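Q: This is the structure I want to talk about, given as structure tokens.
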Amino acid sequence: MLLQGDEAATLEALVAESGAQAVYWNRRYGAAQREADRALKTALRERGVRVESFNGQLLNEPWTVSNQSGEPFRVFGAYWRACLRRGDPPPPASEPERMIFQSLPARLTRRASKLDDLGLAPRAPDWASGLRAAWPAGEEAALERLRAFLATDLDAYAAGREEPGDAATSRLSPYLAVGAISPRQVWAALKAAQHAQGRDSARRAASAEKFASELGWREFCHYQRYHYADLAARNLRPAFDAMPWRKDPASLRAWQCGLTGYPLVDAGMRELWHTGWMHNRVRMVAASFLTKHLLIDWRAGESWFWDTLVDADPASNPANWQWVAGSGVDAAPYFRIFNPVLQGQKFDPRGNYVRRWVPELAGLPDALVHEPWKACVQSLAAAGVRLGENYPQRIIEHELARRRALEGYAKTAGAKGRTASKQSGRA
Ligand SMILES: Cc1cc2nc3c(=O)[nH]c(=O)nc-3n(C[C@H](O)[C@H](O)[C@H](O)COP(=O)(O)OP(=O)(O)OC[C@H]3O[C@@H](n4cnc5c(N)ncnc54)[C@H](O)[C@@H]3O)c2cc1C
């Protein structure tokens, strides 16, 4: 049963009506959530109710990892080495042997509803069929995905994880984002798989280490959200406040719809719209394209990803956007501007990924699929591609965009500014 309403008032009413003597919950890490949970804890304790909170979302609590001066780490490598020095996080708690469910107090039943009653799934129109097909929901589906990944794909992870045409990554992010599985469950299963016998141990060890460090990036994003309360709203490097971002709704729309004329970017944006997910390499290229080629504020991209990703996460999404834009801690240098053609040729050399999501280009030979504008009239005609008609011309030329981005960047005083101080600004 679900109860809707102001969370503190609803929980307090439930405690009062049911006579509960103890309340347990998983910790939340956003500044406003921490404040709300702290206030609720105090209110319930004042009424004699026992309250305990637990870590259900992270490998390490953010306040337990700091540098030698007691300050938060700003560089991922140093942060992650410090985490690894702590040893394995505690294993996940085992399932309770039995659960006794009480019926809801009578006065609250009229306010209760079942999940299906909330009508959350889109019906008219039903735009979510692609999402449903890609993502079976729930804890069992999450555990099954973890089992399948560790049993069959782990060994190839380190070598194959950068190629969007291969399903080499775990695709656990939506389940981690909604809490259908916890990182400690993933960590414990990974360690068990790592020590399984009869495998190519060097390949497996390299893959397991890489996969663990990706979980580390997730931790580092949550760590940033904990230490920088307004991660999604404010440049962590204040020098970026001077960046001359452009207002360009038509280009923003073309990017959102996968109609920029750059096949790898368009493939990614269409995969996102259709399945709610995008491969990490392509997320980086698409985000770089928005912030550098189009010079559009990273917050516009973050907001689109927030609306469309099934793994949308209040820590990983803004932290990665700031990383790509160059405004975050330990961010990619702003002047490193991805060339979407070279990225495509390197990570999707046969064009499988582009052909899947941009079928208009499927008939082009491998050598041209990432730069159809270089195809001769005969090749375009043979592939049925009519640039500007059934596939767009590039909305901006790469070299021109690169120069413009670097000029914009120069206005931020080289964006050398120090990182914002921790816990400042809005919640
Ligand atoms: C602009 C941008 C926005 C992003 N937004 C999100 C988001 O909202 N939610 C989200 O979960 N991830 C986000 N990511 C990170 C990353 O793209 C996804 O976590 C990853 O693609 C998920 O696929 P996977 O589960 O197969 O990853 P795997 O390669 O199998 O990695 C295992 C797990 O590690 C974590 N992870 C991997 N890479 C990262 C990373 N760079 N940052 C944080 N965690 C990582 C994820 O929880 C992932 O499930 C974003 C990346 C970029 C560049």
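Yeah, the Cβs are placed from backbone N, Cα and C, and that goes for glycine too.
Annotated domain 'Photolyase/cryptochrome alpha/beta' per TrEMBL: 1-59, in sequence order. Taken from TrEMBL, the feature FAD binding site applies to Tyr157, Thr169, Ser170, Arg171, Leu172, Ser173, Phe211, Asp311, Ala312, Asp313. Per TrEMBL, the feature site 'Electron transfer via tryptophanyl radical' maps to Trp245, Trp298, Trp321.
Distances, neighbours, how buried they are, the whole picture for these features please.
A: As a summary of secondary structure, the domain 'Photolyase/cryptochrome alpha/beta' (1-59) carries 28 helix, 12 strand, 19 coil according to DSSP.
Around the Cβ of Ser170 (FAD binding site), 22 further Cβ atoms fall within 10 Å across all displayed protein chains.
Sequence-distant neighbours of Trp245 (site 'Electron transfer via tryptophanyl radical') (same chain, six or more apart, CB under 8 Å from its CB) are Leu295, Ile296, Asp297, Gly408, listed in sequence order.
Under the DSSP three-state reduction, Trp298 (site 'Electron transfer via tryptophanyl radical') is assigned to helix.
Taking the Cβ of Trp321 (site 'Electron transfer via tryptophanyl radical') as reference, residues of its chain lying under 8 Å away and at least six apart in sequence are, in sequence order, Ala287, Thr291, Trp298, Arg299, Gly301, Glu302, Phe305, Gly328.
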Q: Count, for each of the binding-site residues Leu172, Ala312, the other C-beta atoms lying within 10 angstroms of its own C-beta, and report the residue with the smallest count.
A: Ala312
Q: Using a Cβ cut-off under 8 Å and a sequence separation of 6 or more, which residues in the same chain sit near Phe211 (FAD binding site)?
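A: When sequence neighbours closer than 6 are ignored, Phe211 (FAD binding site) has Leu154, Tyr157, Ala158, Ser170, Leu190 within Cβ distance under 8 Å.
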Q: Report the recorded positions (Leu172, Trp245, Ala312, Trp321) that meet this criterion: Cβ distance to the nearest atom of ligand 1 under 6 Å. Use sequence order and write none if nothing qualifies.
A: Leu172, Ala312, Trp321
Q: Most Cβ neighbours within 10 Å: which of the recorded positions Tyr157, Trp298 is it?
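A: Highest number of other Cβ atoms within 10 Å: Trp298.
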